[in-house]
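S.K.: When I checked TrEMBL for this same protein, it listed these features:
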BINDING   CYS187, CYS269, CYS270  Zn(2+) binding site
DOMAIN    1-284  domain 'Hcy-binding'
Amino acid sequence: MVLQLERRGYVKAGHWTPEASVQHPEAVRQLHREFLRAGADVLQTFTFYCSEDKLELSGNVTNITAAQINEAACDLAREVADEGSALVAGCVSQTPCYLENRNETQVKSLFKKQLDEFLKKDIDFFIAEFFRYSEEAAWAVEVLKTSGKTVGATLCISPHGDMNGLSPGDCAVHLVKAGADIVGVNCHLDPTACIQTVKLMREGLDRAGLKAHLMIQPLGCHTPECNLTGYIGLPEYPFAMETRSLTRWDVHKYAREAYKAGIRYIGGCCGFEAYHIRAISEELREERGFLPPASEKHGLWGAALEMHTKPWVRARAQREYWENLLPASGRPYCPSMAKPEDE
């Protein structure tokens, strides 16, 4: 939601804070509706980077409190979720406080304030998302589990592990022992890298004799560099990522590969739009047992192109064509990959 709302003019890049939940509720509500219509089973509260220390550090929000944002975001997500049959997940993310002093008591107090605000509202479960350090994520999980509700935890890490050098498998073990019911990755890297990372997490859990549901929410763009810090280390971040965007057919492939890997919470993070979520829904329509409302306006595998007046376009109304297409970038002087600045 953060990247989509930045592109639509409701979030300031660099700060990435979610005050739009208060300032522009109609924009947040509309995006929730687009994801719901596309088949989303879960709507996440737009509370990314909504800890008090992050809002204070950004300087972007001076007349709105974290409590106001958290509570408004919960109301918006619940309002739209009730228009369908979606669940609402209350979300917390990494804090500047952790990087500043690694003080467990202070960091947990920030998560506790958010949790208390969420518990005033109708939240189905919680997600601790976008953590680069499994230690901080585990602290978030420990706080959220005091609610008695299901808790998921996702790290924005690569197959190399977290920023402390802890392997994906060991990170998963750390999170499950902290109480996480769902573990996985989100953001920073593309579907290929994220699936690889979640597989490593599963292997770590298997070795430790632990069980948890698996979750994945990759970037909506290609990052074949598979570098440690992901797309924020690429020269195109954050304002020139469009040429790396996934097609809907890329997402069909991703959804199937994730499902084959045993992952059952399958979604997307920055760069994912509603049509990408619809592609997940359509690829897994047999497993889910239905198509989403948005598929009423989309012929599966281009079927609606059969009505086109041009014969070469009509010939594209088939799965084989789109599955085997190698799309051109239209930029003859641009490289296919970049040198990440974190390497």
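Glycine is treated like the rest: Cβ placed from N, Cα and C.
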S.K.: Quick check on the binding-site residues: of CYS269, CYS270, whose CB has the lowest count of neighbouring CB atoms inside 10 Å?
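M.R.: The binding-site residues CYS269, CYS270 were compared, and CYS269 has the fewest Cβ atoms within 10 Å.
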S.K.: What are the sequence-distant neighbours of CYS187 (Zn(2+) binding site), meaning same chain, six or more residues apart, C-beta distance under 8 angstroms?
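M.R.: Same-chain residues close to CYS187 (Zn(2+) binding site) (Cβ under 8 Å, separated by 6 or more) are GLU129, PHE130, CYS156, GLN217, PRO218, LEU219, GLY230, CYS269, CYS270.
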S.K.: Within 8 Å of the centroid of the Cβ atoms of CYS187, CYS269, CYS270, which other residues of that chain place their own Cβ, given that this set defines the recorded Zn(2+) site?
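M.R.: Once CYS187, CYS269, CYS270 are set aside, the remaining close residues are VAL2, LEU3, PHE130, CYS156, ASN186, HIS188, GLN217, PRO218, LEU219, GLY220, GLY268, GLY271, PHE272.
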